[in-house]
Amino acid sequence: MYTIHFYVLFVLLTVRCSSSFIGNGENYRRNLSLELNPGLNSSLMPLPPGVGLLHVRALGKNNTLHYLLCSQGAPALLLVHTNSTSSKVKVDWPAFLVQNTTGSLKLTPESSVLYSNTLVFTRLWEYDDVNDTAVPEHLPPSSFFQPYELQNFTWDDLNKTLDPMAYTALLCGRDASESFSNGSLCLKFSAFDVEGRDQGWPSLLHNANSSQLRVVLDGVVPRSNRSRFSLELQVVGGTQSMSRVDVLRSIDDEYTPSIFKVSQWVSSPVNSTSPVLGYAQWKPVAYRRPSPVFEDATPCRHSTPVPIAQLPPSGLVLAYYGGESQTTGLNMTFSITGDPFYNTTNYLSWTVLVGLGSPPVDSFSPLVLVIMAVGLGTPMLIILLGGVCVCVRKNRPQPQVYEPIN
């Protein structure tokens with residue numbers, strides 16, 4: 001009886017400890033506020049079509065995160081961490097709209113800035129995968145179509161898709177070509193005030209120090225029957241830009257079925273054991289339908305990050321950093337050999353998390369830990385009960401078979 005009680009207590013403690021471990025970020029919460037085009041008087045200075053600047057302020061106990069999503073030029077997401085709870089964004093709008101003026105966007109006080117990085121979406125590559133290899137770097141230049149330069153896209157008004165209650169916004173853009181006559185490339189931005197996960201795959205774990213971008217290529221007419229796509233990304237930072245991609249492995253695919261890896265494009269001091277300063281994190285999977293099932297998943301892979309000599313064509317980058325910042329870039333390639341081509345569904349989505357500090361780490365859910373505890377604990381319980389029974393039987397006094405004669 002005591003053994004059974006001990007086993008039940010063990011399972012309950014396991015569930016309690018696992019829940020506390022998994023939810024250790026839930027106690028940290030930021031207060032979020034959103035504003036569109038901060039400091040702009042639209043009646044005096046109307047914005048050009050397709051230009052917008054979304055500012056999300058994430059206030060902590062003694063610091064502030066600032067997210068700025070901008071559609072001027074190539075779409076970009078700027079993350080700035082300050083050690084002040086009163087830091088503010090200041091935009092010199094006449095200079096900002098010129099696109100060639102450095103310092104037209106600032107965080108004040110400037111001395112409060114601890115870290116910053118900008119993720120820029122620069123190009124969408126399309127190639128004719130005649131031999132079904134899904135390895136564009138091994139294809140001749142003739143297999144590639146003219147890339148879509150995202151700086152030339154016409155972007156929708158962010159004000160129409162802004163959701164202040166959910167802290168989300170949808171930025172959709174189109175090329176002037178016929179391929180985008182009924183299609184679009186969209187970036188769904190989400191900011192988070194506390195730890196949690198998205199309901200839909202890939203269900204990335206986020207916390208109060210992170211934001212998320214979901215890239216969706218929908219309804220675009222491919223230029224060949226065997227077209228596949230790659231997305232070019234660039235990162236601009238101060239003294240510590242994102243220079244390497246770490247790939248971590250796991251034995252658990254509970255939240256993203258069949259995916260046992262996570263990739264992290266991280267920023268850390270050179271030749272230092274210091275923790276990660278910032279990151280872009282994703283799972284190597286994309287989906288071919290808006291509400292995917294298991295068969296709609298397709299793997300994706302990244303190239304090795306390389307330094308780039310010039311800044312990306314983003315108005316936000318030049319306005320904040322000027323011309324003296326480190327830039328690295330990589331390509332994200334979707335699909336593998338044997339997978340359906342883009343024209344099968346004319347849909348592709350991929351999700352990336354952008355945040356401060358070390359990336360969130362997946363761990364087993366309480367349900368999985370209970371199953372493991374029961375699966376491993378039941379054999380132990382049987383062994384313990386068997387041992388107890390054997391000991392009891394051995395210690396029980398045995399009746400004498402032969403009675404001596406007096």
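Using the three backbone atoms N, Cα and C, a Cβ is placed for every residue, glycine included.
According to Swiss-Prot, the features are:
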type: SIGNAL; residues: 1-20; note: signal peptide
type: TOPO_DOM; residues: 21-367; note: topological domain 'Lumenal'
type: CARBOHYD; residues: Asn31; note: N-linked glycosylation site
type: CARBOHYD; residues: Asn41; note: N-linked glycosylation site
type: CARBOHYD; residues: Asn83; note: N-linked glycosylation site
type: CARBOHYD; residues: Asn100; note: N-linked glycosylation site
type: CARBOHYD; residues: Asn131; note: N-linked glycosylation site
type: CARBOHYD; residues: Asn159; note: N-linked glycosylation site
type: CARBOHYD; residues: Asn182; note: N-linked glycosylation site
type: CARBOHYD; residues: Asn209; note: N-linked glycosylation site
type: CARBOHYD; residues: Asn225; note: N-linked glycosylation site
type: CARBOHYD; residues: Asn271; note: N-linked glycosylation site
type: CARBOHYD; residues: Asn331; note: N-linked glycosylation site
type: CARBOHYD; residues: Asn343; note: N-linked glycosylation site
type: TRANSMEM; residues: 368-388; note: transmembrane segment
type: TOPO_DOM; residues: 389-406; note: topological domain 'Cytoplasmic'
type: MOTIF; residues: 402-406; note: motif 'Lysosomal targeting motif'
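Note on Asn343 (N-linked glycosylation site): other Cβ atoms within 10 Å of its Cβ, all shown chains, come to 13.
Ranked by CA distance from Asn343 (N-linked glycosylation site), the glycosylation sites Asn83, Asn159, Asn209 have Asn159 at the top as the closest. Reduced to three states, the DSSP call for Asn83 (N-linked glycosylation site) is coil. Taking the C-alpha atom of Asn31 (N-linked glycosylation site) as reference, the shortest distance to any of the glycosylation sites Asn100, Asn131, Asn182, Asn225 belongs to Asn100. For Asn131 (N-linked glycosylation site), the nearest neighbour among the glycosylation sites Asn83, Asn100, Asn159, Asn182, Asn331, judged by Cα separation, is Asn331. Taking the Cα of Asn41 (N-linked glycosylation site) as the reference point, the closest of the glycosylation sites Asn100, Asn159, Asn225 is Asn159.
All protein chains shown were included, and the count of other CB atoms within 10 Å of the CB of Asn31 (N-linked glycosylation site) stands at 12.
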